[in-house]
Amino acid sequence: MTNMSLVTTFILTGLPHAPELDTFLFGIFLVIYVLTVVGNLLILLVITVDPHLHTPMYYFLTNLSFIDMWFSTVTVPKMLMTLVSPEGSPVSFPGCVAQLYSFHFLGSTECFLYTVMSYDRFLAISYPLRYASMMSGRTCAILATTTWLSGSLHSAVQTTLTFRLPFCGPNQIQHYFCDAPPILKLACADTSTVEMVIFVNIGVVASGCFLLIVLSYVSIVHSILKIRTSEGRWRAFQTCASHCTVVLCFFVPCVFIYLRPGSKEAMDSIVAVFYTVMTPLLNPVVYTLRNKDVKKALLKLKDKIVYLQS
């Protein structure tokens, strides 16, 4: 950040939409946000209390649920505020910095975590007999810690590059949260170099993670085809299909917004809804609530609650 900055408050203009849809959109996004938080909290609770779910896969899923809960919290409340305020939602300069950092921190950590989860599935399917020793508790902790530290470093670079520029003119951000592309448009200086560095930074992270995920799944498919029973192949395929679905929902919008020439604020903010609002909601449904082990754990938890109340 720089002392040259004269802007003390930014105004988030929100999603482009007809004013008469304010109440409807507010209700929809509020329900989605509540379901996202409750769903991910439930997943965290079930995996924590059930010893049968204390495995590497569910260990990484607890990290994912924790990220998704806060990822949604960083963006959706501000979106709701823009829907109830026709003039837009004000956010202080430090608040905007904090939101951009938190958004990229959680987003890039999730990106790295998807890569680790694909590697975990690769080991589980390709090396079932050696899986427990290869993915020990210590290994899981190191991998999870690495994703969080990498996400923090990546976000620090994005935030520093964005807010080291002077902001001395317009303060309306054409988005529902503070993100680098719309903020850079407000800078009172040439942003071409910063945009290129951010483009390369995000490009390396996104393309690198996606390539590693693709390589993992090519190897996984090769291993699945070697499974003799059709039931075993189907079970392995179901596990991988869930991961692939969520990965595509996360990566495709990111690539569209950050890794294409030019930027259209209206289109970017609409596309961003998919990975800031919908993906955190999809994760608990796609990954865990469809899982038989989690369903059993939920029923056990419900029985315990009923027993305690009786």
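Note that Cβ sites are derived from N, Cα and C of the backbone, with glycine treated the same way.
Positions annotated as domain 'G-protein coupled receptors family 1 profile' by TrEMBL: 39-287.
Tertiary neighbourhood of the transmembrane segment (24-46): same-chain residues 15, 17, 53, 61-62, 65-66, 68-69, 72-73, 76-77, 79-80, 83-84, 277-278, 280-281, 283-285, 288-289, 294, 297-298, 301, selected by CB-CB distance under 8 Å and a gap of 6+ residues from either end. Taken from TrEMBL, the feature transmembrane segment covers 24-46 (among others).
Taken from TrEMBL, the feature transmembrane segment covers 58-80 (among others).
If you look up TrEMBL, you'll see 100-119 (among others) marked as transmembrane segment.
A Cβ distance under 8 Å defines the sequence-distant neighbours of the transmembrane segment (140-157), meaning residues of its chain 6+ beyond its ends; these are 56, 59-60, 63, 101-113, 116, 119, 201, 205. Among the features that TrEMBL reports, transmembrane segment is placed at 140-157 (among others).
Taken from TrEMBL, the feature transmembrane segment covers 196-220 (among others).
The annotation transmembrane segment is assigned in TrEMBL to 240-258 (among others).
Away from its own ends, the transmembrane segment (270-289) comes close to residues 15-16, 29, 32-33, 35-36, 39-40, 42-43, 46, 61, 64-65, 68-69, 71-72, 75-76, 79, 103, 107, 175-177, 179, 242-243, 245-246, 249-250, 252-254, 256-257, 295 of its chain (Cβ-Cβ under 8 Å, at least six residues beyond either end). Annotation comment: TrEMBL describes 270-289 (among others) as transmembrane segment.
Here the transmembrane segment (100-119) has long-range neighbours at 57, 60-61, 63-64, 67-68, 70-71, 74-75, 143-144, 146-148, 150-152, 154-156, 158-159, 162-163, 177-180, 183, 205-206, 209, 212-213, 216-217, 220, 243, 246-247, 250-251, 254, 275-276, meaning same-chain residues at least 6 beyond its ends whose C-beta is under 8 angstroms from one of its own. In the predicted model, residues of the domain 'G-protein coupled receptors family 1 profile' (39-287) average a pLDDT of 86.
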